[in-house]
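Q: Input: one structure, supplied below.
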């Protein structure tokens, strides 16, 4: 999955996987009654299409805000800061709407507790690294190459699971990671051959992949601080990020850039900025919907297919011509990601069906 896209996706997956009910997600039919097949199929189709649309639109919109020749705004941290601020505001607004009844009645009340904010701070630092490196990667590489440029998240998941959690990985999963690494390097080679390679973009793509993996680990550690509430965690995470972004923007001179920006008073510019923030907030919600109405395994498969569609759309939209080996690199990354997801799904099912496996071991196995 285009995991920045990820930007709140990892947190939502942790929350949903943890068993807590999401107050914004519709409740499933009670009493053990299942909806008719056609109705369920239609609902799943709508949710998957909504996820695809939101995720792809967010990437193209962020590319415009970060690297549009017509906009000429060289302030990637400000764009990211604004999206975090809008996310925090939307969380607070939804919380205030809890008194209005369904569908917001189950949302927890949000208030800023400095003690909790300090406890969430380590995650917020990783979160800043994740969203910033994602956007900087997108700024320096094309949308078509974006998926390959930040495709090493799965590899870092395996590496960090071994280094930090002492969890081993099966041979088949490691082979899938090898295919992803091969596709990544082939893609870098082909970008260089076409004269479009940005080593800065590659660096931030690798950093983004690492931060996505670290974000998932720190999310698990921090969730108990906010009583397992995904919405409290999102609120505190984005509030902390807004505060931490200020000195970074001062250090990099982005306030000076904004002062000389000729479209700072343009309603269309702020409309696009607001739309980008809304899509950034919505991606977490639609990701949760897709997981709820399908499964984590199906969600990952859908994310892989979405990345393929996104690449094809980018090549068509920007009227690019790519070589056979360039397309091969994308297919290797997508195929390796799909294979890894499939292998981990089979392993999880085998563990869950094995009565000799302890429950603690079952909880550690996931897709």
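For all residues, glycine too, the Cβ spot is worked out from N, Cα and C.
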Q: Looking at 8-30, 77-99, I want to know which stretch TrEMBL calls transmembrane segment.
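A: My reading of TrEMBL: the transmembrane segment range is 77-99.
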Q: Between 101-119, 120-138, I'd like to know which one TrEMBL lists as transmembrane segment.
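A: Range annotated as transmembrane segment by TrEMBL: 120-138.
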Q: Tell me which of 230-249, 290-309 corresponds to the transmembrane segment entry in TrEMBL.
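A: Checking TrEMBL against the ranges 230-249, 290-309, the transmembrane segment one is 230-249.
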Q: Are the transmembrane segment (269-289) and the transmembrane segment (120-138) close enough that 3 or more Cβ pairs fall under 8 Å, when only pairs 6 or more apart in sequence count?
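A: Contact between the transmembrane segment (120-138) and the transmembrane segment (269-289): absent.
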Q: Can you see whether the transmembrane segment (200-218) and the transmembrane segment (144-164) are touching - at least 3 CB pairs under 8 angstroms, only pairs 6 or more apart in sequence?
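A: They are in contact.
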Q: Sort out the residues at least 6 away from either end of the transmembrane segment (41-65), same chain, that have Cβ-Cβ distances under 8 Å to it, and list them.
A: 1-2, 5, 35, 71, 73, 79, 135, 138-139, 143, 146, 272-273, 275-276, 279-280, 282-283, 286-287, 289-290, 293-294, 302-303, 306, 309-310, 313-314, 317
Q: Any residues 6+ beyond the ends of the transmembrane segment (144-164) with a Cβ under 8 Å from its own?
A: 2-4, 59, 134, 137-138, 173-174, 176-177, 180-181, 183-184, 187, 191, 196, 201-202, 205-206, 208-210, 212-214, 216-217, 307, 310-311, 314-315, 318, 320, 322, 329-330, 333-334, 336-337, 340
